[in-house]
Amino acid sequence: MSMKHFLMHGRHIPFLLGIQVAFIVLFGVFVEYDKEAHSARAFDKDANATKNEGNSLQHYYPMFQDVHVMMFIGFGFLMTFLKKYGYSAVAVNFLIAAIVLQWATLCQGFYHTFDGQKIHITITSLLNADFASATVLISFGAVLGVTTPLQLAVMAVCEIAIFASNEHLGLEILRISDVGASMLVHVFGAYFGLAVSCVLRRDVASEKEGATYNSDIFAMIGTIFLWLFWPSFNAGLAEGDAQHRAVINTYYSLAACCVTAFAVSALVSKEHKFDMVHIQNSTLAGGVAIGTAADMMINPFGAMIVGSIAGTVSVLGYRYLTPVINRKLGIHDTCGVHNLHGMPGLIAGIVGAITAAAATQEEYGYSLYRQFSARAPLPGTPEFTELHHHIGHLHNPGLGRSASMQGGYQIATLFVTLAVAISGGLVTGLILRLPIFGKVPKSHLFDDELSWEVPDSGHHQVEEVPHPQHNTSSSPMVHHGKDVGDTHI
């Protein structure tokens, strides 16, 4: 192999090896087990895990594993719709998530569990790292097929550093409630990815940006896994009755969203048939839209309303909005993350703000102050003493906020997240345009051959079923034998 060939195709090798060595060194210097996982401290009186008590692993691990499946199977297979990009959709998703899990542990740990010397790792650290990986995988969907593995790895490193700071701002400083991370993960990931795509703007029109009958079926596998496990994603970090509500609300929001997405998909089709792209993606929008308010007292019928709205908005976004964004703004969104994560995330932020502003002690009881810790009375006041008597220790001191103030902080966090995501994505996009990171040649857009050893059989000789909903070129295409160039993305 010549040096020229290595410089063209092997730039990711030293980066991947170097960053893994860096992670090992940083973990060796800064990371250690928390008390629950540390053998020498397992029976300390102040540790949560004692000989006679359960370990938090027993509580969190089932939902952690559900979320883990979502990251590696759900997101991975959801992106396999591209007929010649299946290897990268699943395997590069695998690679990027593995990088992010380690980097997010360090970035989030610095804000949440760093004691001045060490970052302490628990099962919740792993769960939070999985949430962080979802952020990058959402952004990955916006630039799927038009970026190299090296560009994606660099994007992941930049994005997580910015994401962790924004997450800290929202949860620890602005003190908002976002149990399903619809604002902090979905909105952030979607608009960060779209901003990167905007800066990387190029002519990406390609006949390879389409699907086959079989690739759509593989993508549907990802949809089903995500749909099944989304209640765990939204409820994973909640506790007690709040966790119970989060599962119930997400369950019914997803169900209502699914039914509505099918109906609206057929409604906007000329022949009133279902569009597989809508079914693969818009059926999941309810999980995003209910995320912020998932553990709030929104009631099952309220969750169903939110899911129905999300399914409708998502399908209409794929059908009408994405072509406009591509044509007028020049922003290419391969997977339509704006419709699955962006707009439903905005809905979630608004629903969360309204629900928070309407929350009362009569409805929530004293658990109101665990749900919205900033609404607890100020320490030292008679009200705080009474509250402490009823619910015991609060993790964070109260700020004495009113319901309307809490709602205001919720909506403010939504706008802050949008601003941070877009500005961060624009800067990251400029970094990715540097020649050192290379770019995908136009002839290899949406094609595994650039980065993978691909068998000749089955890669070039495929029965093509163009996927107009994902193809945003302006040329007419044929979908199942019918001209739909004017009606689909």
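Quick reminder: no glycine exception, Cβ is built from N, Cα and C everywhere.
The compositional bias 'Basic and acidic residues' annotation in TrEMBL covers 480-489.
For 52-436, the entry in TrEMBL reads domain 'Ammonium transporter AmtB-like'.
Marked as region 'Disordered' by TrEMBL: 460-489.
The annotation transmembrane segment is assigned in TrEMBL to 12-31 (among others).
Residues 89-91, 93-94, 97, 123, 126-127, 130-131, 133-134, 137, 140-141, 144-145, 208-211, 215-216, 218-219, 221-223, 225-226, 229-230, 232-233, 235-236, 277, 280-281, 334-335, 446, 467, 470 of the same chain lie 6 or more positions beyond the ends of the transmembrane segment (63-82) yet place their CB under 8 Å from a CB of it. Here TrEMBL flags 63-82 (among others) as transmembrane segment.
Among residues of the same chain six or more beyond the transmembrane segment (89-111), those with a C-beta under 8 A of the stretch's C-beta atoms are 16, 19, 23, 26-27, 30-31, 71-72, 75-77, 79-82, 119-121, 125-126, 128-130, 132-133, 136-137, 140, 144, 149, 152-153, 156-157, 160-161, 163-165, 167-168, 172, 451-452. For 89-111 (among others), the entry in TrEMBL reads transmembrane segment.
Within its own chain, the transmembrane segment (131-164) has Cβ neighbours under 8 Å at 11-12, 15-16, 19, 67, 70-71, 75, 79, 82, 85, 88-89, 92-93, 95-97, 99-101, 103-104, 107-108, 110-111, 181, 184-186, 188-190, 192-194, 196-197, 200, 202, 204, 208-209, 233, 236, 332-338, 341, 420-421, 424-425, 427-428, 431-432, 437-440, 445-447, 450-451, counting only residues six or more beyond its boundaries. Feature annotation from TrEMBL assigns transmembrane segment to 131-164 (among others).
According to TrEMBL, the feature transmembrane segment maps to 176-197 (among others). With a cut-off of 8 Å between Cβ atoms, the residues of this chain six or more beyond the transmembrane segment (176-197) that come close are 131-132, 134-143, 146, 155, 159, 162-163, 166-167, 170, 233-235, 237-238, 242, 246, 250, 287-292, 294-296, 331-333, 337-338, 340-342, 344-346, 348-349, 352, 356, 371-372, 406, 409-410, 413-414, 417-418, 420-426, 428-429, 432.
Residues 60, 62-64, 66-67, 69-70, 73-81, 86, 124, 127-128, 131, 134, 179-180, 211, 245-247, 249-251, 254, 258, 276, 279-281, 283-284, 287, 290-291, 294-295 of the same chain, all 6+ positions outside the transmembrane segment (217-238), place their C-beta atoms under 8 angstroms from a C-beta of that stretch. Look at TrEMBL and you will find 217-238 (among others) tagged as transmembrane segment.
Among the features that TrEMBL reports, transmembrane segment is placed at 250-268 (among others).
Residues or ranges marked as transmembrane segment by TrEMBL: 301-321 (among others). Beyond the ends of the transmembrane segment (301-321), by six or more residues, the same chain brings 248-250, 252-261, 264-265, 268, 275, 277-278, 281-283, 285-286, 288-290, 293-294, 336, 338-340, 343-344, 347, 351, 469, 488-489 to within a C-beta distance below 8 angstroms of the stretch.
Sequence-distant contacts of the transmembrane segment (342-360), counting only residues of its own chain at least 6 positions beyond either end whose CB sits under 8 Å from a CB of the stretch, comprise 176-178, 180, 182-183, 186-187, 190-191, 194, 285-286, 288-293, 296-298, 306, 309-310, 313-314, 317, 368, 371-372, 375, 403-404, 406-408, 410-411, 413-414. The feature transmembrane segment is assigned by TrEMBL to 342-360 (among others).
Counting residues 6+ beyond its ends, the transmembrane segment (409-432) has Cβ neighbours under 8 Å at 139, 147, 151, 154-155, 158-159, 162, 165-166, 169-170, 174-178, 183-184, 187-200, 292, 346, 349-350, 352-353, 356-357, 374, 401 in the same chain. What TrEMBL records for 409-432 (among others) is transmembrane segment.
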Taken over the domain 'Ammonium transporter AmtB-like' (52-436), the model's mean pLDDT: 94
